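*Asks:* Dumping the structure here so I can ask a few things about it.
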Amino acid sequence: MSNLALQNTNSGPGNAKKRVSYFYHSEVGHHYYGPAHPMKPHRLKLAHHLILSYGLYQKMECYRPHLASANEMTAFHSEDYISFLSRITPDNLRNFSTQMSKFNAGEFTDCPVFDNLYEFTQIYTGCSIDAAIKLNNDASDIAINWSGGLHHAKKSEASGFCYVNDIVLAILELLKVHSRVLYIDIDIHHGDGVEEAFYCTDRVMTASFHKYGDFFPGTGGLKDTGAREGAGYSVNCPLNGGMTDDAYEQVFKPVMNKIMEVFKPGAVVLQCGADSLTGDRLGCFNLSLKGHAECVRHMKSFNVPLLLLGGGGYTIRNVARCWAYETSVALNAEISNDIPYNDYFEYFSPCFKLHLTPAPQENLNTDDTISAVRTEILQQLQNLQGAPSVQFQDVPPPFMTKQEEGGNDGGIGDDVRPTHTVGGEVGSSAKEHESEMMVD
Ligand code: V1D
Ligand code: CA
């Protein structure tokens, strides 16, 4: 039976109740990028309190994560970069000027050095690794970490508000158990760090939907489809501003249906960046909460272990609305459009409603542009299906370790950008950690 046959029809197996695990650390929202910076970790506190006020914590298992160690982070990142992150502080940065420019951190970059920066990365990365382990152990169907999804971080470089790439590390964890992992990115920005990490492997398919053209990070063209073993396994959906729910659905669903049919992943990671919502401070799409969450609903309907992560999102009251609503979608729980009273109630003034009304904004994606992008991607996926060497079966994964898989032979996590020197080890050596269950 194809994966399509397992899809949600509202009453079919795709709509069955899911076991959901939620990972949150109470300190994450106290980290501060600075007054002029659009990234506000405080939004995570807003989201968490909204989730609590809807009573959703009663329907899922809530965990406080372990703090990711440097050893875990170097399953993807270089040792000198992680050593730098662990030592740099606002008080000592004058001694690190060469490394600051080498690693793209500090004042006048998108990635400032702020108090307890390393602890911040340890928290959100620990959450994502714990969430992946929970899925690997078949202890949950869906695992959630809204503090994760920092998709721009590179092996040896901070980028676009991201320092450690928790997504790559979570995928490496999932690859210990699953032969193939699918990564989907609905943040308005291209998921460049994750794409680059897996550009040369057929074990991870990446699919990013993003604004393309005069927009950060500038990568993610339709023709960027992977290289070497990974040729055809990177999917990019470049879009224009003003994107509506209907137009998004017309490209998201056919592409994802075909990917599920062709690639048959053992696990799916969905980065739910909320900067693709209407009214975002940095974004220019026009999605409602329902349009954004339809991506979660759709991926959930395939009944494959699902890791939900956060990402961008700069109108913080809407970020909280989005991720609270998507938590309810994961749980199949109906929640009221009236925001319940909570510690941050005033943020939702003046309407105190959950749902968003799209703006009267021109959609620069026409039926023709959407259809052209969809046709091109479906052709890319069809070619993959037609390739004689591609016969996807549920074979056990090779259980790669650092020792067995070292070197830069174009495998998982290797940097294949032509202008960079490369090296270092790949694979994950992270030990399994027990995350602590949160009590009240
Ligand atoms: F507006 C700003 C004010 C202060 C500091 C930074 C910004 C800002 C806005 N947009 N920075 C950007 C983007 N950077 C540039 C730079 C110009 N070039 C030299 C680079 O346009 C970065 C946008 C990052 C988006 C991050 C993300 O939403 O994708 C995300 N996902 O997960 C976590 C973050
Ligand atoms: Ca994206």
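Glycine too: its Cβ is placed from the backbone N, Cα and C atoms.
Checked TrEMBL, it gives:
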{"type": "ACT_SITE", "residues": "His152", "note": "active site, proton acceptor"}
{"type": "BINDING", "residues": "Asp110, Gly160, Tyr314", "note": "substrate binding site"}
{"type": "BINDING", "residues": "Asp187, His189, Asp275", "note": "divalent metal cation binding site"}
{"type": "COMPBIAS", "residues": "430-440", "note": "compositional bias 'Basic and acidic residues'"}
{"type": "DOMAIN", "residues": "37-328", "note": "domain 'Histone deacetylase'"}
{"type": "REGION", "residues": "389-440", "note": "region 'Disordered'"}
*Asks:* May I have the list of same-chain residues other than Asp110, Gly160, Tyr314 whose Cβ is within 8 Å of the Cβ centroid of the recorded substrate site, in sequence order?
*Replies:* Pro38, Met39, His152, Phe161, His189, Phe216, Leu282, Gly312
*Asks:* Sort Asp275 (divalent metal cation binding site) into helix, strand or coil using the DSSP assignment.
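*Replies:* Once the DSSP labels are grouped into three classes, Asp275 (divalent metal cation binding site) ends up as helix.
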*Asks:* Cα within 10 Å of Asp275 (divalent metal cation binding site) is the criterion; apply it to the recorded positions Asp110, His152, Gly160, Tyr314 and give the hits in sequence order.
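*Replies:* Passing the 10 Å Cα cut: Tyr314.
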*Asks:* Across the domain 'Histone deacetylase' (37-328), what does the pLDDT come to on average, as a whole number?
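*Replies:* It averages 98.
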*Asks:* Under a threshold of 6 Å between Cβ and any atom of ligand 2, which of the recorded positions Asp110, His152, Gly160, Asp275, Tyr314 are retained?
*Replies:* none
*Asks:* Within the chain of Gly160 (substrate binding site), which residues six or more apart in sequence place their C-beta under 8 angstroms from its C-beta?
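*Replies:* Those within reach of Gly160 (substrate binding site), by Cβ under 8 Å and sequence separation of 6 or more, are Asp110, Cys111, His152, His189, Phe216, Pro217.
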*Asks:* What whole-number Å value do you get for the CA-CA distance of Tyr314 (substrate binding site) and Asp187 (divalent metal cation binding site)?
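*Replies:* With the alpha carbons as reference points, the distance is 11 Å.
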*Asks:* Over all pairs in Asp110, Gly160, Tyr314, the listed substrate binding residues, work out the largest Cα-Cα distance in Å.
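*Replies:* Those residues reach a largest Cα separation of 14 Å.
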*Asks:* Give me the long-range Cβ neighbours of Asp187 (divalent metal cation binding site): same chain, 6+ apart, Cβ under 8 Å, in sequence order.
*Replies:* Gly149, His151, Ser208, His210, Gln271, Cys272, Gly273, Ala274, Asp275, Ser276, Gly311, Gly312
*Asks:* Let me know how many other Cβ atoms fall within 10 Å of the Cβ of Tyr314 (substrate binding site).
*Replies:* 21
